[in-house]
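Trainee: My structure is below; once you've seen it, I'll send some questions.
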């Protein structure tokens, strides 16, 4: 099975078999990453530019490590000091970079759709590292790989996504991916943080944690995205934790072997009790971080193969 995509802009364009192709390759890279010599040559001779218009620590580091382990020449652009801050448009930036002939662009941007726009203006492969509230495809893919490794499968599971659904690109990408793989998805959160009409996407909506977590296999907690809120979405963090934060009492409604996930960064004592986050028997949060590097290696490997084929045919 090939991966017939020039870019990785979102989950929406991926078919289930393409998702499995990427995850299968990521599994191999996960094994490589545990070896003393973690390097491969899939991106040897290629240039990777990371452009983060939003602050990021873990995602940018993950992409940088992934590129370097595959042999790419990796450049991190300081967008806070770039020409964009001096008035240059995103399109002008894209055209300027395109003239330098990079091979892969990794882009995070605060505006939904900005990465798609940039991809239309360049000749290289583009990976969406998160755009506004729209999508975060590699996060959904690494979550999927984490679930598959922990549960032995990625289908017919009951999965609860809890918290700030309305502002979360992670939730959007996960809903699409997990839905494509025939899972039962439950969304749990206050009405103020639930997108209108979301039940039309084949998910179940709950405003009560105890009811929503009943017999689920996976509990995925989300961060409160305060930077995207422009009003009083919650009474207080203390009240939010009381009603929607994951603690032992609420978790007792899930299956005994249910796993706990969080895309990070975590607000301990707001979305999740710190003891649960560190529970080595239930929490797979650090596994998510580990799988992030493997998934991004797989994504860039597959896109680079198409890039070389395209250039070879020109």
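Backbone N, Cα and C atoms are what each Cβ position is placed from, and that goes for glycine too.
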Trainee: The carbamoyl phosphate site in Swiss-Prot includes 58, 59, 136, 139, 264, 265. Which of 34, 108, 238 is also listed there?
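Mentor: That carbamoyl phosphate site, as Swiss-Prot gives it, pairs 58, 59, 136, 139, 264, 265 with 108.
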Trainee: Once near-sequence residues are set aside, which residues in the chain of residue 59 (carbamoyl phosphate binding site), 6 or more away, have Cβ atoms under 8 Å from its Cβ?
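Mentor: Counting only residues 6 or more apart in sequence, the Cβ neighbours of residue 59 (carbamoyl phosphate binding site) under 8 Å are 52, 108, 129, 130, 138, 139, 292.
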Trainee: Which of the three DSSP states, helix, strand or coil, fits residue 139 (carbamoyl phosphate binding site)?
Mentor: helix
Trainee: I'm trying to understand the geometry here, so how far is the Cα atom of residue 264 (carbamoyl phosphate binding site) from the Cα atom of residue 169 (L-aspartate binding site), in Å to the nearest whole number?
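Mentor: Taking the Cα atoms only, residue 264 (carbamoyl phosphate binding site) lies 13 Å from residue 169 (L-aspartate binding site).
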Trainee: Return one of helix, strand or coil for residue 264 (carbamoyl phosphate binding site), based on DSSP.
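Mentor: Going by the DSSP assignment, residue 264 (carbamoyl phosphate binding site) belongs to neither helix nor strand, so it counts as coil.
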